[in-house]
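These features come from TrEMBL:
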- 787-803: compositional bias 'Low complexity' (COMPBIAS)
- 138-197: domain 'DUF3772' (DOMAIN)
- 608-675: domain 'Mechanosensitive ion channel MscS' (DOMAIN)
- 684-765: domain 'Mechanosensitive ion channel MscS C-terminal' (DOMAIN)
- 784-832: region 'Disordered' (REGION)
- 214-231: transmembrane segment (TRANSMEM)
- 252-274: transmembrane segment (TRANSMEM)
- 294-313: transmembrane segment (TRANSMEM)
- 334-352: transmembrane segment (TRANSMEM)
- 364-381: transmembrane segment (TRANSMEM)
- 408-431: transmembrane segment (TRANSMEM)
- 443-463: transmembrane segment (TRANSMEM)
- 475-500: transmembrane segment (TRANSMEM)
- 520-542: transmembrane segment (TRANSMEM)
- 563-586: transmembrane segment (TRANSMEM)
- 592-621: transmembrane segment (TRANSMEM)
Amino acid sequence: MTRVLRCLIVLVLILAGCGAGLTTALISTTLPAAAQSQASDDLPDYETWTRVAQRADEAIETGRASTNALEALRNELAGWRQQFLEAQDINRNAIGTVQRQLEAIGPAPEEGETEPAEITAERNMLQDRLARLREPVRQAELSFTRADGLIQGIDTIIRERQTREILEFGASPLNPVHWPEGFAALARTASTLRSEVTTAWGNPVQRDETRGNIPALLVMSVIGLVLVARGRAWTHKLTRRILGEDPGAARWIIGFIVSMGSLLLPLFGVYFLIEAISSSGLVGLRGSQMLDVLGPLVFTFLLARWLASRVFPAQEARTLPLNLSKESRRKGRFYGMLLGAFASGSVFIQQVGDISQWSQPASVVIQFPVMVVCSLLLLRISRLLREHVRADAEAEGQETYRSRMTGILAFLMAALSVVVPLLGAIGYFRLAQALLYPSLGSIELLAMLLVLQRVVVEVYVLVTRNRAGAGESLIPILVGVVLVLMSLPVFALIWGARVADLTELYARAAEGFMIGETRISPMIFLTLAFVFVLGYTATRLLQGALRNTILPKTKIDPGGRNAILSGVGYIGIFLAAIIAITSAGIDLTALGYVAGALSVGIGFGLQNVVSNFVSGIILLVERPISEGDWIEVGGVHGNVKDISVRSTIIQTFDRSDVIVPNADLVSGRVTNYTRGNTVGRLIVPVGVAYGTDTKMVEGILQEIAEAHPLVLLNPPPAVVFRGFGADALDFEIRAILRDVNYVLSVHSEMNHEIASRFAAAGIEIPFAQRDIWIRNAEVLGGGAGKAGTDAAETPAAMPAPAASVPRQRDEPPDMDGDADGDGGGGGAGDGR
């Protein structure tokens, strides 16, 4: 029976071991299979991609595809490239797991060394698995590279075509030969529109439908005309009523929002009119295309007019966008409105020409006069900007950065106003358009940024309730920088960049770059910044909770509380940085290698900084001094104002700050007068004349010391008879004060009381008396009596020159001629 039980136990153990091994083998084979199955589901369709890539290669090689076709093909390639970029992260977790397993096993043995066969087999199996996991990643990387190259090839073709179109030399609008062709094109377009209306009206069905819609058409037309004619006037009237004479920030913001009605109400009116014309059914194909173009261009004109009213305001204000007079601002509004009107009109004419298929000479002849007017208006506005620069320089006393930038803008506008008409006149009309219209759009965008910056300042004033220096404060300036950065893509689009170019830049930025095995991209930086800000905010909230709720209820002194708060802050920021870096997926291994390599150089270069930092930590932990303590270090007396990790600020009694490195406080000698408590000793020396009753003096001084409210009676104050001095009997009052910070005040009050009590008791306080002896006085004036007689008889007589009087080696030089050796006049002394 016992043998049977032993056999059963051994059999169970064997089966358990085999089961465990089988389970491990199943897991090790099932997990890669599942990972590969999931990876195969996420893999791009490489067969379809191959056909798309071949088609793109053919289009690039032949170069015969239209620009629109190339744009469509490029967008398709960009979608594939994004798929390949995402596919590069397939099996990332599984690859990381296998790599960690290989690191745990260790490297293969070198030649001549051996290792167990099980470990070798396990390493080979893991390496094969790693190769299988990396195979789809490598395929995605290769396909990504091919897609990126095809996109660059298409972009090159499109840019070359755009460059050739801009630099194309065409007909000159000043050539009279082309003028009849321009007039004929206008006549044909007008005739086409008239014929479309006539044809539609000649259709009985359409005519009946139009007659049935007359009431609705009249209502829309009346609403549109009223909004166009009166919308701006209503808005200006309401805005002036809101702003008043001197509006605050809240009223200014409300007035700004209401002022946008002068833009929106006429725009709604125009759209009502366009809808009325379209709903009439009398507009044909080309008329409908022109109406579709008209709406956005009307918005551009109204926006230019509104911006001109904000940049060149009619009302006097506390701060004006530009330093111009009222008359100059009126001209600025007029020029801005005309510039918006002619620029929108020029674009409308160009669109009408494209719809009507005008020839290039006809289009140039029709558009050139509008271009010349726009150039002249640019020149007028540039003169106003130069006027602002001069006025601003006179007001500030020097040229500011903003004035300098405005002056550069004025110069560029003036140069464009000359160059653009010349280029158009000699035949480079497309180049002139490529310079003029983007410049006008950029000026409009700059005006928008200027208006938005004023809005930011007013919002800042509303929040802080402080207008002094608000325009130069940090937060509005930072918001303005953000606005400028956000406007850069808009500037790029204005100057001819394609949306595909911007998406390409975004794709390049999202792709990032590789550092070792880690990909660094903007998303990683955003994650890093977001997590760090969260950690930093949590640290500050914890410090606030400790400072206001927990630490005040403990018995820890203020210095200890500050040390705890500082320690929590440093630890929190350090942890926030570590968590942010880890959350962003940045591998710190390489950074550790770099830090180790640079540690020696940093140690030597920043030796003093590190020493002060460590000393600061020691001060915060041991707390030999605390904020508010009265200390003496290096001959400097003062109160500790702040203790940081690098230095300590001591505020002296004359209210000057002395910055002391923490290493000096740790390694040097420091006297702390108020450590633990504010009790301190006061010594008041007193001298009395010889012959005074010493016991009476002792009693008076004892009464004075005990009577002062800041003197502690336990231990009691003492009066010490120090000894017999050269001029007086020396006494001292020695007392312990409740607060040593008032030592000077107590000393002064005791001196006043001593002087009063001694005067009442007839006790004399001696003082030194001195007699001045003048050598050879008889030589100076022939005797004292004769000198006095001469002085009485001849007051204006001058004494003999000092240089003619012989003197010994120990005589001081006489600087004023009165032979007293002090150079100050009056040789008789001061009676002391």
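Each Cβ is built from the backbone N, Cα and C atoms, and glycine gets one as well.
Counting only same-chain residues 6+ beyond the ends of the transmembrane segment (563-586), those with a CB under 8 A from a CB of the stretch are 518, 520, 524-525, 527-529, 531-532, 534-536, 538-540, 542-543, 546-547, 551, 556, 620-621, 623, 643, 645. Secondary structure by DSSP for the domain 'DUF3772' (138-197): 51 helix, 0 strand, 9 coil. Averaged over the domain 'Mechanosensitive ion channel MscS C-terminal' (684-765), the predicted model has a pLDDT of 91.
For the transmembrane segment (443-463), the neighbouring stretch richest in Cβ pairs under 8 Å, chosen from 214-231, 294-313, 334-352, 408-431, is 294-313. Residues 189, 290, 293-294, 297-298, 300-305, 307-308, 311-312, 363, 366-367, 370-371, 373-374, 377-378, 380-381, 384, 433, 437, 440, 444 of the same chain, all 6+ positions outside the transmembrane segment (334-352), place their C-beta atoms under 8 angstroms from a C-beta of that stretch.
DSSP labels the residues of the domain 'Mechanosensitive ion channel MscS' (608-675) in these numbers: 21 helix, 25 strand, 22 coil. With a threshold of 8 Å between CB atoms, the same-chain residues lying at least 6 positions outside the transmembrane segment (408-431) that come near it are 165-174, 364, 367-368, 371-372, 374-376, 378-379, 381-383, 385-386, 389, 439, 443, 446.
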